[in-house]
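According to Swiss-Prot, the protein has these features:
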TRANSMEM  9-29  transmembrane segment
TRANSMEM  79-99  transmembrane segment
Amino acid sequence: MGMLNEFKAFAVKGNVVDMAVGIIIGAAFGKIVSSFVGDVIMPPLGLLIGGVDFSDLAITLKAAEGDVPAVVLAYGKFIQTVIDFVIVAFAIFMGVKAINKLKREEAVAPTTPPVPSAEETLLTEIRDLLKTQNQNRLP
């Protein structure tokens with residue numbers, strides 16, 4: 001029973017749950033970015049370059065023979081994947097930058113010093129008076 005309780009305590013910890021939510025949202029975000037790149041960015045880019053469909057760009061190293069498929073370098077798909085990565089990396093960078101900015105603002109937020117009590121004010125005045133009297137007595 002001890003191992004089951006340990007696992008339950010581990011799985012319910014906030015960090016594990018937060019990580020799981022982050023992974024799920026990250027996977028969904030990755031699909032959105034892939035669709036954005038493949039369906040929105042690449043078609044106009046291909047049109048500008050001369051009607052090229054990037055996903056079809058490839059170099060055939062060996063032609064297909066019978067049941068053996070062709071050996072190709074699909075560099076068009078690689079270009080799409082690189083663009084996917086750049087967009088995801090930029091989005092993560094912007095998110096981290098925003099979080100860091102919020103953390104800095106929290107840390108920099110000045111705290112107002114507490115108002116001294118009447119007793120502290122009186123003691124400060126007495127100290128200042130004693131300093132003044134001692135300075136006047138010195139030759």
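Cβ atoms are placed via backbone N, Cα and C, with glycine included.
Residues 29-30, 33-34, 36-38, 41-42, 54-55, 57 of the same chain lie 6 or more positions beyond the ends of the transmembrane segment (79-99) yet place their CB under 8 Å from a CB of it. Counting same-chain residues at least six beyond the ends of the transmembrane segment (9-29), those with a Cβ under 8 angstroms from any Cβ of the stretch are 88, 91.
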